[in-house]
Amino acid sequence: MPLSLQGHLMSTLASANGDDKKEPTTGALAQLPKVPTALAALPPRGARTMGSHAADHQSAKDYYLEHTGKRHPFHVLPPSPWPLLAGWGTYVTCLGMAAWFHNIPTGGALMAFGLANTAWTAITWWRDCAIEGDMGMHTEVVRKNFISGMWAFIVSEALLFVGLLWACLHLGMSPSVALQMQWPPVGIEPVGWDKRALVMSAVLAASYYSANVAMVAKDPKVVMGALATTIGLGAMFLGDQYLEYNELPFTISDSPYGTTFFVTTGFHGLHVLLGSLYLTAALMMYKRTHNAGAALKSSILYWHFVDIVWIAVYGIIYVGQY
C-alpha cells in the first residue's frame, strides 16, 4: 500500500477513535491533515435512534478493539435483523405473487404484505446505514466497497435482462409450430418503435445527460437541480409507459409475444422506479450534507445501467420485432 494512502487511513481511524490527542507522528505522516470525528457533530446518544444494534457502538476504537483486537479501516457490523427480514419479505412477496397469478384467494393480500414488509425493511436498513455514515463508521475503504457492491449488483441485474431478451430473440428467430411458425404470432399487432417508445428513448437519453451533470458538478445548486431533473424525467418515462400499456391491443396472456413484451418492459420500468427512488434518497442526503458520497455515486451508476439496458430493450423489443 502506498505510504500516502496508508497514512490517510491511519489518520482517519485515529481521528474517529479519539487517538489524535496523542503526540504527532514524525515524518511524512505528520503532514497529513487531521480528519475531525463525525461523532462530535451528532446529537447526544439517544437522540438518534437506530433500528438495529448498530446504535450500541461505543466508538470506532472501542468496538474494533473489543471485537477484533486490532484497528483497521473496515466497519465491523454488529448483529443485525435486516438480512433475515429482507429475505423473509422477499419470500412472502414471491409466494403471494405466485398465488395471485393462479387466482388463489388471498394471494394478492399476501403479495401486498410481503411488499410492505420488504419496503419497510429496506427503508429502515438504509436509514441505519445513513446514521452509521454520520457516526464516522464509513471510511474511504468502506465507501469504495459500497461502489464495488453496486457494480456486483449491476452485473447480476444485467444477467437477468440477458435472459429476458434472449427469450425474445429465441422466440423471434425460431417460432414454434404452435405459433404457426410466425413472429409476432397471427393476430398480434407488434408495437411500433416510432411512437411512444421513441419518446421514452429521448426521455432516458436526456436523463443520462442530467445524471452526468449531477455527478461532475461542484455547485450544490447545480447538483440538486440535475438530480431533480433526472427524477422528473424518470417519472415522465413511467407515465409514458403506463399510457402505452393502456393503448396496447394485447395483454400479458396473449401469446408468448405479449408475455415477453410485458415482462421485459415491465421489469425495466420497475428498475426505473427503483432508480428514481434511489436518486430521491441521494438527493435528500446531499441536500443535508452537500457531500457527493457513495450514495450519490452509486445511485447515478445504477441510473446509467437503467439507461443502457433500455438501448437493448428498445432495439430488440421494439425495433427488431416490428
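The backbone N, Cα and C atoms fix where each Cβ goes, and this holds for glycine too.
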Per TrEMBL record, range annotated transmembrane segment [choices 70-90, 259-279]:
259-279
What parts of the chain pack near the transmembrane segment (300-320), using Cβ distances under 8 Å and only residues at least 6 beyond its ends?
147, 150-151, 153-154, 157-158, 161, 165, 168-169, 172, 191-193, 197, 200-201, 204-205, 207-208, 211-212, 214-215, 230, 234, 260-261, 264-265, 268, 271-272, 275, 278-279, 282
Under 8 Å, at least 3 Cβ pairs, sequence separation 6 or more: does that hold for the transmembrane segment (146-173) versus the transmembrane segment (259-279)?
yes
